[in-house]
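Residues or ranges marked as transmembrane segment in TrEMBL: 29-49, 70-91, 142-161, 181-204.
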Amino acid sequence: MSLVLLNKDFSSSDDPDILVYLNLKWKLITTWFNMLTVLYIPICIYCDWQELRRKAELRNVKNLKQIRDFYFTNLILPATLYADILFWNLWNKNKLILMPVNADLYVSVWEQHSMHTASLIFVSLDLILVPRQRPKTYKWGFIVLSMYLISYIWVCLNSIVKGEYVYPGLKTLSTYKLSCLCIHLFIGHLFYYTGQWFIIDLLWGQRRNTHKVA
């Protein structure tokens, strides 16, 4: 997924709009949310392997399953759904908002699907197939997700101050519109974060009124 982008050699280009990605590819939100899965997948594999060995009741497995669920519901799912759905919406409207004209020479549409479609399918299947419960409190989820978003916003704003635009479309935004984009970033992530619990309730029979929500 993100390795597709990180392994791209943009140094061979004569286009200054492409050369900036030598540094900026680490700041793309695609890289950020895909890198989250690099840590998540080994945990899933280990927990599933132990379940197949009928050792799911071991303390370390239970602890890892709690970490896995917390990590997925509070970071991976909202970050992936927001970024992937927004990416394809903007791609279909005007992909020059997302990337320079010559970017297609270095990142093909099939590679875009590997980063923005495969990940979308992965988290959707994980949400549907893995049993989970609505948490007793959303407090820690909101804190972790907010820290992730604040960190990403800081990286982008710091790049803009230096005259480096992570996405070409950011060049056209006024301070007011940039502020609105930051608000949209938070609202969008919180929409997917809170929305997942209704799906989990529907699939696994959890009732909202049986859990205390802070």
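Our numbering is plain: 1 for the first residue shown, then up by one each step along the chain.
A Cβ is built for glycine as well, from the same backbone N, Cα and C atoms used for every other residue.
Caution: TrEMBL annotation is automatic and unverified by curators.
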Within-chain partners of the transmembrane segment (181-204) [C-beta distance under 8 Å, separation at least 6 from its ends]: 73-74, 77-79, 81-82, 86, 127-128, 131-134, 138, 141-142, 145-146, 149, 152-153, 173
Remote residues contacting the transmembrane segment (29-49) - C-beta distance under 8 A, at least 6 residues beyond either end: 1-2, 5-6, 56, 61, 64-65, 67-68, 71-72, 75-76, 79-80, 83, 87, 115-116, 119, 122, 152
Tertiary contacts of the transmembrane segment (70-91) (same chain, 6+ residues out, Cβ under 8 Å): 29-30, 32-33, 36-37, 39-40, 43, 97-98, 112, 116-117, 119-120, 122-123, 126-127, 130, 132, 135, 140-141, 144-145, 148, 169, 185, 188-193, 196
